[in-house]
Each structure stands twice: as C-alpha cells, then as structure tokens.
Amino acid sequence: MADGGSERADGRIVKMEVDYSPTVDQRLPECAKLAKEGRLQEVIETLLSLEKQTRTASDMVSTSRILVAVVKMCYEAKEWDLLNENIMLLSKRRSQLKQAVAKMVQQCCTYVEEITDLPIKLRLIDTLRMVTEGKIYVEIERARLTKTLATIKEQNGDVKEAASILQELQVETYGSMEKKERVEFILEQMRLCLAVKDYIRTQIISKKINTKFFQEENTEKLKLKYYNLMIQLDQHEGSYLSICKHYRAIYDTPCIQAESEKWQQALKSVVLYVILAPFDNEQSDLVHRISGDKKLEEIPKYKDLLKLFTTMELMRWSTLVEDYGMELRKGSLESPATDVFGSTEEGEKRWKDLKNRVVEHNIRIMAKYYTRITMKRMAQLLDLSVDESEAFLSNLVVNKTIFAKVDRLAGIINFQRPKDPNNLLNDWSQKLNSLMSLVNKTTHLIAKEEMIHNLQ
C-alpha cells in the first residue's frame, strides 16, 4: 500500500507500528534448520507466535514472509494435512493482513502445479478455493485454481462437472486480471458449454467478449478459437449467414492470409454459407461484397457458383449438380473440398438446403420477369411437382421475399402487387396530363403546318 500502509481483512488501512524484519531474518533460518531435523510442529508453533506479533504491529512484509515460510516448510516435509490446516488457520486469523494472505495463496498455487498425487492436489485446491472465496484481492488466484480443477475433472471424463465449476467464475468483472487472460477464461467456458451441448448458456457467455479485442496484437490464436467456437454454436442454430460472417473474420486474419491453403478453405466456406443463407437484404449485400474479392479468381469453381446466384437467370438443379457436385462434395487434388457438404447428417442437410436455395432463387427470378404464370408451368421450370412448387412459393410469400397470389381453381399465380388506390389515381392523373400535353403540342404543330401551307 502507499505510504507503508497495509489493509486488514475488515478493510481498514493501517500503518506499520514496529518493524520486525531483523527478528524475522534471524528466526526463519533457525526454524528452517529445525524443520529439516523433523521438529516441524515445534517450528510452526514458534512461527505462529511470531506471526501474531508482526500482524498486531501491522508489519505486512514480515507477516507475509512468515506465512510463506509456514506453508513452505509443510510442503517440503510433505505434511499435507498440516499444510491444509495451516492455510485455513492463517487466512482466518483476526485482522489478518490481505497482502500477507495473497502472498501465501500465490506460494501455494505453485505447489498445486508441482504436486503429482491427484487426491492431494485436489484437496489442496479445495482448501485454497475455500480460503479465497469472496475475496477480491485473491480473485485471480481463485480463478486459476478453478480452471485447474475444471481441467482435472474434464481429464477424468466428468465434462459436465468441469463446465459447472468453470461457470461459477464471472471473470469479465475481474478488473485486476489482464484482458487476454479474461478472454482465455471465457473461451474455455464456451468450449465446455458446447461440450455438454448447453447452447443457450454458450450464446450468453459469447456476448461477454467484445470482438474489437481481436484487433490488438498477439490475439490471433484467441480470435481463431473464438470464431471456431461460434461456428460450432451457429451450426447447431442453423444460422448460415452468421457462420458466413465468422468464416469471413477467420479469412481476414493475417496468419490465415499468410497460407494459401488456409485462406482458400476459409473463402470457400464463406462462399458456400452465404449461398446457403436464405435471401434477404443483408444476405444480398454480403453476396455482392464477397463477389468483389479478387482472390476468388484462384478458386474459379466457387466464383462461378456464386455468380449463378447473382445472375438474373433460372438455374437447373441437375445441371448444377453435374457441374459442381463433385467439386463441392469430394474436391480435387488442386482444390480440396470443405466439410460443408461432407458425408455426415449435417452435410446431407446442407446439401438439401442448397437445392432449396436454388429453387427459391428461381422463384424470385420468375416473380421478377412474370406477372402471371400457371402452376404447371412453374413446376415444370423448377423441376418439381405442383405441390412442392406451391410449398416453396408459400414459404417465400410468408417470409415477404416476394409477393404472389394463387388462384387455385384456375391454377394461376399472379406476381403483380396490387397498387394503392391513391397511387393508382396519381398515376392516371399524371398519364392524362402527359397525354393532354401531347395533344396540345400536336394541335399546335398541325396549326403551324396549315399556316405555312396557306402562305404558300
């Protein structure tokens, strides 16, 4: 603390009254020697007596040294019960100095890493988590211990318990923790939530990360981990447009751009997922922005596929499968396939969705160029049955992608949007004015011609 002040457990700031450094300098080597001779209990009693004096005098440095010495001697003697007992005792002493407890906990955290016996390690972690609970000044140490415990639980196959333990931490509120470490903790929470298929909690946790953080230096690994986790989350949600955006973020990462194979795979995924996304203004805008990427020249098949969806022409599904099916699903030596249309249940579902996007594209083209069309003719153009065509059409109308009215008895679809009466009247008035102006001009020209001919 500033000006030699120390903070007690009750929050009071106190100044050192007596400096016990010379006494501690003398006693600690003596105690260490006695501890090695097997007189540990006697040594601890001596140090606890000295600790009371230093604590009462608010000598933070000396108190810290004594607390660290006690746990160190217990650790070196492998007296695990005594170690846990003294950690609890020293942290709960009346008016204990916060900085001294923090030093002791930090020392014990190094022992957690060194201990190989699992039951002993778990007991020490539990003790340390107990003494650090609710104490802001050791919140970072508690977070690290909790992460270690979660890792052990996961390694033992108890992933659900690991996720539950790590979710206790609200690291986004830890002001003393570095931003990078906070993000690492949150990503680990996301990973474990996904592992136990807790997608709602994963979505909530993901919002704790501000993506602007990834613009900072040395954050590329964390950025890739974050977006890969988000892709897994949105795969479950079936949000293709979000997945496309995540792949774009991966594609724009310098370490991905540096390797041709990696950026090509990322760009292929960007193209495929933007095509798979249902049509709306945002999707349309993204398609045109992606189309402008010059690097698409290096993956021509994917560039041509994207162009099909921006060209105002009908597509035949059978032709698309013939031209692009092998490239998209199996790939080639020069251009490996992505996992988008892999031989999995999800891959098959996305392949079916691609066919749906082709049908929807074709219906939008018809709505653009036709005012009316029969159901049979539309089904013929779509290579579908009449019922399937009607189902697709209904879906697009419900989503307000197009406007259409179906006369079931006549079997005719009308794509022409009914005009507002006011607009209709305004159009009629404008056209009538235009016609009358034309008649007046024509009359004037005729009169002019007659006058010229009369003069002659």
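The backbone N, Cα and C atoms fix where each Cβ goes, glycine too.
Residues annotated as N-acetylalanine in Swiss-Prot: Ala2.
Annotated SUMO2 cross-link per Swiss-Prot: Lys92, in sequence order. Of all the Cβ atoms in the protein chains shown, 11 others lie within 10 Å of the Cβ of Lys92 (SUMO2 cross-link).
Look at Swiss-Prot and you will find Lys92 tagged as SUMO1 cross-link.
Residue density at Lys221 (N6-acetyllysine): 11 other Cβ atoms are found within 10 A of its Cβ, drawing on all protein chains shown. According to Swiss-Prot, the feature N6-acetyllysine maps to Lys221 (among others), an assignment based on similarity to another entry.
Residues or ranges marked as domain 'PCI' in Swiss-Prot: 242-420.
According to Swiss-Prot, the N6-acetyllysine annotation covers Lys368 (among others). Secondary structure from DSSP puts Lys368 (N6-acetyllysine) in a helix.
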Distance [Cα-Cα, Å, rounded] between Lys368 (N6-acetyllysine) and Lys221 (N6-acetyllysine): 46
Alpha-carbon distance [Lys92 (SUMO2 cross-link); Lys221 (N6-acetyllysine)] in Å: 41
Lys368 (N6-acetyllysine) CB neighbourhood, other CB atoms within 10 A: 10
